[in-house]
Amino acid sequence: MAEFNSIHSVTEMPEGDNPKSGFHHGMFLEPQEKKRSMKALVVKQAKKTCSCTPDKVKDFVLSFFPVLQWLPKYKLREYLLGDIMSGVIVGVLLVPQSIAYSLLAEQEPIYGLYTSFFAGIIYFIFGTSRHISVGIFGVICLMVGQVVDREVQRAGYGAKPAALGGLTATAAYANTTSSPVNQTLQELHCDKSCYAITVGATMTFIAGVYQVAMGFFQVGFVSVYLSDSLLSGFVTGASFTILTSQAKYLLGLDIPRSNGIGSLIATWIEIFRNIHKTNVCDLITSILCFLVLIPAKELNDHFKSRLKAPIPVELVVIVAATLASHFGKLRETYGSSVAGRIPTGFLPPRPPDWNLIPNVALDAIPLAIIGFAITVSLSEMFAKKHGYSVKANQEMYAIGFCNIIPSFFHCFITSAALAKTLVKESTGCRTQMSGMVTSLVILLVLLVIAPLFYSLQKCVLAVITIVNLRGALRKFRDLPKMWHLSRVDTVIWLVTMAASALISTEIGLLVGVCFSMLCVIFRTQRPEAPLLGWVAESETYESLSAYKNLQTKPGIVVFRFEAPLYYINKECFKSILYKQTGVNPVWVKAAKKKAAKRMLREKEADSGDNQTSISMGFVSEPVGFHTIVIDCCAVQFLDTAGIRTLKEVCKDYREIEVQVLLAQCNPSVRSSLIRGEFFKEGEDHLLFHSVHQAVDFALGAQGHS
């Protein structure tokens, strides 16, 4: 059906009805011609994609490796000092967190250091953000640990959780005749600890492949379903699970890790069952660490504007605790669980276990989505703050390669982390050169310092992990403000938080996404639909229920439906329209038919004239208005059910001598109406660009009738 050129006809109006002009002039629009040939579009895109010129190759290389764009322009005197300072500070903070979060991911501490080292280097090459810090993130480590523990037990390694300190049994030197100076790990005998990192690395590889595929197919829109309130609720809920998983280390208990639905409750039940086995030494150490870390962190937060750099209290606590454990012989005397041997150097590269891919492919999906959603959102947030732009697709490539490449070097999944990014920004970071400095700090630990942490108690690492959850747990203080701003967002936050904590992290994320989508559907299913009144001395119409002193035109009802009209809310549209106008045309028609039949029966029975006149009076009773103007400015789209509903409404009201006019339809809605054959030849269904035009037309038509 051809596009229409005129929105409505030219109609002459009486002078008294329109003080501004004696005539109501029609508006004529000529639609743009749209090329609908899919073949032509595909051929054009294929030619564009497959063409290869030197300039195009150069642009591709520069966009795929952003470091080649900004590194040659690096301002050494202006940027270097800030980058070195922020890189060193983040590196100092990252070392203890990398070791602590390895415990959370059911891995050896050396693998957490590997992960942080490689992530900084690879993001330096591929990333477009100048400020974000990519590395270990607590929630992702928790999810990795849950899958690793499940697969380790499935492989028959027993119910005892993978623990730190097993690397002496994990790694053995194959070449015993090599020089002590050049000792390297030549061959890995795969025991429980080795199998744990194999599972983690395989899942990391798959998650990275997913992220690169998302970037290639430009499906970053998936992240829009993870709203800020949903992500915040998910992180807070997962924080309770993290806290629960670390509680056993605070008490020095050796209990199996609970996974699956209800793991949080099951873990606390198990803890209270074994509370009598608490290691007093670990408990006292945990309390002392809390007493030092929490006040120090609070002071860092309170005086962050005055401090040039945050106090590295975590590193101080780790050094002090390691020295106390070593010289006090806490492991030998009190049976405290310690980190154990952390080797220097790097393990040989090793590909993921392809046979494990079917087991972990599904688990990698939420990890991939959460990783890139957090990375992209943080990148865009800091880019906007500092006045530069980032490429969302390139960020997905960057975080994808930060997982794919390190998966061959015994690493697990990474993403951007807000806390470290804030530290990085506040300490003078100007470019990702600071990320390289951070990697060099970790490299120093890997090559020289790592073995010195042998006597470090696990409870100290657990305290560091729990203290770093303060930011997520503080979100409860923001609930009153969030409730005041948006009750729906607050309910989404609460539902996602509760599901992530009480059911499981993966199911909690799914519940949050589904619930937030249901909230959107519910909003469109029961939208606002007010009657409108005229603002005097203007052409504006606003809600009668929201504003005072609005006027109504005699015989005209103006109705606004503030949602798309589609199959879910079509019945709601009709019921609200009938309720607001006070007239259900179906009931009016039924009443007329019933009265007509009654009158016919009365005539046949030769009844008195009085009853007949009553029936006739009922049939001819007016409805109180002659025109309904539907303001469609908030109707974003129509589907077939919506078009059919509009047809039915117009037909039903026309049968009781009420005309329905549509105003302020957007081009998409107009196009849908045309394709749905809403306009038929000979019918007076007219579209208007404004409610005022429609009302003027109705008044003029009534005046001429």
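Backbone N, Cα and C define each Cβ position, glycine as well.
Per TrEMBL, the features are:
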type	residues	note
DOMAIN	546-698	domain 'STAS'
REGION	1-21	region 'Disordered'
TRANSMEM	79-104	transmembrane segment
TRANSMEM	110-126	transmembrane segment
TRANSMEM	194-217	transmembrane segment
TRANSMEM	229-251	transmembrane segment
TRANSMEM	356-376	transmembrane segment
TRANSMEM	397-419	transmembrane segment
TRANSMEM	439-469	transmembrane segment
TRANSMEM	490-518	transmembrane segment
Ranked first among 79-104, 229-251, 356-376, 397-419 for CB pairs under 8 angstroms with the transmembrane segment (110-126): 397-419
Annotated stretches the transmembrane segment (356-376) and the transmembrane segment (439-469) touching (3 or more Cβ pairs under 8 Å): no
Contact set, same chain, for the transmembrane segment (79-104): CB under 8 Å, 6 or more residues outside the stretch: 110-113, 115-116, 133, 135-138, 141-142, 145, 164, 242, 245-246, 249, 309-310, 312, 314-315, 317-318, 339, 420, 423-425, 427-431, 433-442, 445, 453, 456, 458, 461-462, 464-465, 468
Top partner of the transmembrane segment (229-251) among 194-217, 439-469, 490-518 - counted as Cβ pairs under 8 Å: 490-518
Cβ contacts under 8 Å made by the transmembrane segment (439-469) with residues that lie 6+ beyond its boundaries: 87-88, 91-92, 94-101, 103-104, 109-110, 113-114, 116-118, 120-121, 124, 138, 163-164, 239, 242-243, 246-247, 249-250, 252, 282-283, 285-286, 289-290, 293-294, 297, 314, 317-318, 321-322, 325-326, 330-331, 336-346, 419
Mean of the pLDDT scores, which run from 0 to 100, over the domain 'STAS' (546-698): 81
